[in-house]
Amino acid sequence: MELAKSFDPKDIENHWYSVWETAGYFSPAKREEVNAYCIMLPPPNVTGTLHMGHAFQHTLMDALIRYHRMLGDNTLWQPGTDHAGIATQIVVERQLDQEGKDRRQMGREAFLERVWQWKEESGSTITRQMRRMGTSCDWSRERFTMDEVLSRAVTEVFVRLYREGLIYRGKRLVNWDPVLQTAVSDLEVVSVEEQGSLWHILYPFEHRAENGEKGLIVATTRPETMLGDVAVAVHPEDVRYRHLIGHHVRLPLSERTIPIIADSYVDPAFGTGCVKITPAHDFNDYQVGLRHKLIPLSIFTLDGKINDNAPVEFQGLDRFDARKKVITDLQAQELLVETRPHKLMIPRGDRTNTVIEPMLTDQWYLAMEGLAKQGLAAVESGQVRFVPENWAHVYNQWLENIQDWCISRQLWWGHRIPAWYDEDGNVIVAYDLEEARKLSGKENLHQDEDVLDTWFSSALWPFSTLGWPEQTPELKTFLPGSVLVTGFDIIFFWVARMVMMSLHFTGEVPFREVYITGLIRDAEGQKMSKSKGNVLDPLDLIDGVALTELIRKRTTGLMNPKQAESIEKATRKQFPQGIPAFGADALRFTFASLASHGRDIKFDLQRCEGYRNFCNKLWNATRFVLMNCEGKDTGLDEGLPLNFSPADKWIIGRLQQAEQSVIQAFNEYRFDLAAREMYEFIWDEYCDWYVELAKVQLNSEDEARQRATRRTLVRVLETVLRQAHPIIPFITEELWQAVAPLAGKTGASIMCQPYPQPDQLRIDEQAAADIQLLKEVVNACRTLRGEMKLSPADRIPLLIEGDRARLINFFPHLQALARLSEVDILPGGLPDTDAPVAVVGDFRLMLKIEIDVKAERERLNKEILRVEAEISKARVKLDNPDFIQRAPEKVVQQEKGRLVTFSTTLKKLDEQLRKLD
């Protein structure tokens, strides 16, 4: 098989993905006798497109799945998408808006038909993009959170929880989006620091002045909400106000009086130490209100206007217009004492950017206390393990302080709550209308208008996708799953809820391990966001993108169009030529190399370029092997003699060590260490050293030596292709198809081959020592050549002082790799000349050439300083009692050996310097 001269990923990627999917390689093996390995894909929003966070996590999941597939496990990577209630409804409403239509005019049924139509037309965008990354999910099992099977599971769970007394309806404070007019979760609220004001307002005493004071001065950042105040609170130990507790003040701009109460929630040092209490529109105030049995007074309509509970002159005003009027009226009545600039965190909806309003509304809730105890026990007992383990603390902290979950949303798109009402307002929770009529004995029922929080159906994902509530073979085989790969930002919203729901309904944990990844940031450590203009599209890194198109993508759809100019300027500076095509393998290798256990991951485009070069290196090495081995004897006939050289034995031994390191890294979720080991072995050991040594051996007149060299070349290469396949699947498949026959391997795909396992018996310590010496001598020669500024074309004789037997067999390799005309070991030692001398252990090396004495003296002094520094480092360690006591004995002995070696080297360098003098 002839490979193209250069690596072009595009054709390879398109070809092989189609082959894999068509052949059914992504599906489970369906063999009960083998170990099951299952990963549930965190379902991306059906509205979404692939972003860097997806691409990063999908790469890691795919690497794990491919690795375990090659280990022979019965693997399932369950894909699917989330209906994403709010996000999807917004997308479709915006389309309708462009057509001059409104969903309320259309009606619920027609609107939902339109959403389903959009989902069928556009909902598969992200899964097509996932295929471009090489993700080997079992697409035949793809699920959608609102498909028939999953919807049935959602209804089953809701009805059971209600009948167990865990779901109830109640009026509580929620995050309310006045634009969407729905409750939203904390995850959909983004708190942004903004410049605001702190208004100091006089609340006059009810009857008379106290100690000459007219009233209490209250500090607030939201003067409009004072229309809903029901108390003023002070700290019970605050001596300034303790005597006023139990008295009343008049609420400015209103006819009401409100009490002065004592509560330790108040910070005496903030503002004036007096806090207005508005339980209907502040989460902290709501808790204060509960403690003091205050009746909340809601003053906002659901669209953020002032309602009829406020004085008539404010009714109907938008909340921000009401703020202006409140301030103006307070000034007119001389009740506004002071206004100060004040920075504060403003909660905004992540979809609408509107200020989120705490709002008292009727909602459905799930009682969490009992479920949380199960969730905590699962981690404490080790049934679920977090990697890194510190994230278990975050999980536990949330469950230990959990509140009941508001599970209803005021949307049309989503799982409609299976609750019906009769004409008297009685609620009937049932599986369907027919059962509701049966239970109520009434025909005229209407269903609850609300839908469930998207996270409710997502919490059932690990078992609903396997066919629950039916007891399917898949449920029996793949629950618990093996690992969940996700981000730390949804430990509360998703991970914990999956654990609780799975335990409650199946008695099993949803997964045994949770691998928490870091957050992908830009090269400067900034979070990638549209507003910052630093977002990268993974497909642009795979296919490349022109500068004009990159600017268009970054400046379209900005919430603040004024940012477009600065974003364009920054983009032109960073990517003057656009972004070149790196291919999926280079991007995947970049992600793997960055996947440490840190919280933040800086994505540097230069890494992509470096790993594209790595792919080229692997490609070119394979071309060399094919050119020298195809059509020739590669040692397949075991009856023919094989004469393995120390170089062959060394690379085979190094391969065993690399295999051990990579397996350990995969098992510990250290993708960065796996990638580094692969990179260093392939580039440094195999390509830069072994291939160069093999070139010499292929010119040997010993046929058994040539045969052994060709066998080693192809078998080591075939093995590293299998080893690297989970991370770089496309190039390894293409190259394996060409190399495998030469290594005696058969099979339709590298995906179906066994993963390389180390054999410690194949490590030859003597060969390793011999090649290490050879490498050091070659490097010393190259250093001498560089310092003497010799042209690569100049072939110079090398003179050596030392043990002839240790190097005699490597003269041809030395000549080739160090570009020498000849090599000679002098029994009487090196000549007493001004020529520079390099020291390698017990060997002294000299290139036979006239030298610049001054330059050589500088070189020796520089080398002496370096060696003295190494001696100092070694002595510091060996003089440290903690190091001697705590370090492994092997490490201590290594350090002692280093000290002896460097001391010997220093002595020889001093001798050389004296000779120059």
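Cβ coordinates come from backbone N, Cα and C, glycine included.
As stated in Swiss-Prot, the feature motif ''HIGH' region' covers range 44-54 out of the listed 44-54, 132-142, 220-230, 902-912.
Per Swiss-Prot, the range carrying the annotation coiled coil out of 447-477, 695-725, 850-880 is 850-880. As stated in Swiss-Prot, the feature motif ''KMSKS' region' covers range 527-531 out of the listed 77-81, 252-256, 437-441, 527-531. Note on Lys530 (ATP binding site): other Cβ atoms within 10 Å of its Cβ, all shown chains, come to 17.
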